[in-house]
Each structure stands twice: as C-alpha cells, then as structure tokens.
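S.K.: Supplied in structure tokens, the structure appears directly below.
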Amino acid sequence: MAVVHEVREPAPVGAGFIAGLTLAQIGAYISFVPLLQVLLPLKAAMIDPAHKAVTLANITLWGAVAAGFANLIAGAISDRTTSRFGRRRPWLLAGVAGTLLSYVMIRLAGSVAGLLIGIVFFQIVFNFLFAALLALVVDRVPNQQRGVVSALLGLGYPLGNVGGVTLIGGLIGSEAARYLALGLIVLAAVAPFALALRDVPITAAQKPRGRLPIFSPDFWVDPRKHPDFGFAWGGRFLVLTGFSLVQSYMLYYLLDVVRYPTLFPGARAEQGLAVLTAIAAVFNVIFALIGGLLSDKVRRRKPFVILGALVLAGATASFALAPSWPALMIAYAFHGVGTGVYFAVDIALVTQVLPSARDAGKDLGIVNLSNTVPQILAPVLAVGLLGAAHADFRTLFLLAAAVCVGGAVMVAPIRSVR
C-alpha cells in the first residue's frame, strides 16, 4: 500500500516563470499538432493513397497506445528522479532531443511500417517532455493562481495550432522545410525554459512511496476512494473523444466533402485547414483568457468546464449539419469559443482533484490517459465510418457532439471543487 505524503502549497510564481512555461507549452503543442493534423495525413496519403483514411487511423491508434503508456511511465519516473539537475528538467531536455530525432525518422519513412515506427517513437519521447511540463503546474503554482496559469497554458493549443498549422500547412510548401521549421520552433521554445528552470532536486527520502510498475495497485487512483478524480477523468475522456474524432479527419473532410481545392482552384486543403484554425484560434485565445480570469475571480471551475463542453458539442454538430465552407467557418469560430473556455479551466479543475501533490507526475499521467485513450478509440470508430466506399463524416461528427455532451454531464457530480 502506498504511503501518501502531502506537501505544502507552493509560493506564488512570478511573471517570468509563467511566461516561460506558457511559451514552452506553445512549443510543445507546435511539436505535435501540425505533425498529426497536417504532416501525418499527407504522409499517409503519399505512401498509401488508395487507403489513406485506414492507414492514418491505424497509425494514429498505435501512436496513441504508445503515448498512453509513455505518459504514465514518464510522469512516475520524473516524480522519482533525484538528479542534481532536478526531477523535471532532465526529461524536458531529453524529450526535446528525442522529438527532433523522431522528425527525421518520420520525414525519411518510405513505407507504412517506417511511418508507424516514427510516430510511435515520437509519441514516446514527446510524452516524456509533456508529462514533465504539466507536472510543473502542481510543483510550482498555488491554487489561487491556477485559473490564470491554466488559461495561459490553455493558449498552448490554439496558438500552437494556428501557428503550426498556418506555417507548416499554409506557408511552407517543401516537406523537408516543414520538418526543419517544426524542429527549430520546438528547440527554441522549450530548451531555454528547461535550462533556466530552477528545478530543486529531491532526495531519496522525498521520493513517492510505492512501486513504480503500472500494473501495481499502488500506481492507480481508486475512483471509489477519490470519486471527484474519477468524474473529472471521465468528463475529460468524453470531451476529448469528441475532439479527437474531429481534429484527426478535418483535412480529409475538406478534401472529400467540402472540396476545398475545387472551390478555390490552385489552393491546397491544408491551406483551408490553416484558415479554419486561425479563425478558431482568435476566439479560443479571447475566451480562454476570459474563462480563466473569471473562474479565479468567482472561485468556480465547474460551470465554465460544462459550458465549454456544451458549446464545443454544438459547434461539432454544426460540422455535420451544414457541410459548406461559409458554415464551416462560422462553426469553427464557436469551436474556438468552446475549446478556449473548456481547456483553460479544465486544467485547473483537474489539478485540484489530484489525490496527492507528491505523486503529481504519476497522477497527471493517469489524467493524460483521458487524452490518449480517445486517440485510440477515435481511429477505431473512424475506420468503420470512413473506411467504406462513401465516408460517413456526418455520423462521425454527430457522434463526436454527443460524447461532448456526455462529458459536460460527467463534471456535474464533482463535489470538492465548485
């Protein structure tokens, strides 16, 4: 049985730390969003054009499996790291180096197997980086600042998305230049923060108790003992399942349903995706900041998380019901509103229902399964709907909207956080 050790709430953090962490978070999102939304679908279509949707689904599935295990192990290992350089910094730097190597592997892949190996390796090394980055919120940020900090970290996705997808999908045409640009951005955003980070080492006596193996009962959080953690996990899992069903296949939706290159001769579908991403990002940034600041001011998280999930559900349903370019732009604006509010405040809510701050990296790894399991489930659902002769995007998006509503419902029973 693990022995639980509580640690004192950290002192308030300054603007320098918050700015560095936010920039590193944006860099982390740039490292994977354009890769999985633009470069991987294009690479899958290049290698296996006749079966691109199924190939993408299979590679995404196994990549997500690798990500889930890697994040669990990475968080627990970083919790137990007693290096003189700290317990998070070594894994931030190792994650950056591994991510750069994975780009080379993916760029040079000439077969489905080679592409699969590259993506699996990327998911492993990236999740060592991401687990350490997210654990710093619990290590360093007190509860009264987590709404604002979570809102700023919530900007990582929209800014990383619009910056990465616009640059990689819209402005740079050369495949080699796209991977080079990704690598340089990630290196510049994350490495300086990791090197400057004051990551105080822990001693062997301060390490979390209990065994490390993920199949040990000491490793997992029992939802019967910590029901709020279970509800938060379940709500996040459902919303991110809906989110994953949309994000991974929007490029093919623009190609096969909206027919963006036909509407705008000479334009590429990835340029259309960049336009949609930019629209969503504007609203995402505005409403993430509003949601985070208001949630700190009124000291409530649940109403904002529920509202964000419901707006996201409505926008996703609109993709299915109005498959035209003008309607898609409007729906993407509301999609940005929903994701902005939801992701900004949900991070704060999750950190407040963790069973123990000392096991933050490990427990956040379990939380991250609510992100990676949907990435496993979404391709399985998508293969059945998109692998047929006539891809059924309508049903896919309506299903995504329904599970987002379910995610909103799951948050309501949480009692320890208002």
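Just so you know, the numbers here start at 1 and follow the chain as drawn.
Glycine residues also receive a Cβ, built from the backbone N, Cα and C atoms like all the rest.
Annotations in TrEMBL come from automatic prediction, not curation.
According to TrEMBL, the feature domain 'Major facilitator superfamily (MFS) profile' maps to 228-418. Positions annotated as transmembrane segment by TrEMBL: 12-39, 59-78, 90-109, 115-138, 150-173, 179-197, 233-252, 272-292, 304-323, 329-354, 366-389, 395-414.
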S.K.: Going through 90-109, 179-197, 329-354 one by one, which has the most CB pairs that fall under 8 Å from the transmembrane segment (150-173)?
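M.R.: Looking only at 90-109, 179-197, 329-354, the most contacts with the transmembrane segment (150-173) come from 329-354.
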S.K.: Six or more residues beyond either end and a Cβ under 8 Å away: which residues meet both conditions relative to the transmembrane segment (12-39)?
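M.R.: Answer is 60, 92, 99, 103, 106, 122, 126, 129-130, 133, 136-137, 140-142, 144-145, 148-149, 152-153, 155-157, 159-161, 163-165, 167-169, 175, 178-179, 182, 185-186, 188-190, 192-194, 196-197, 247-248, 250-251, 270, 273.
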S.K.: Please average pLDDT over the domain 'Major facilitator superfamily (MFS) profile' (228-418) for the predicted structure.
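M.R.: A mean pLDDT of 86 is what the model gives the domain 'Major facilitator superfamily (MFS) profile' (228-418).
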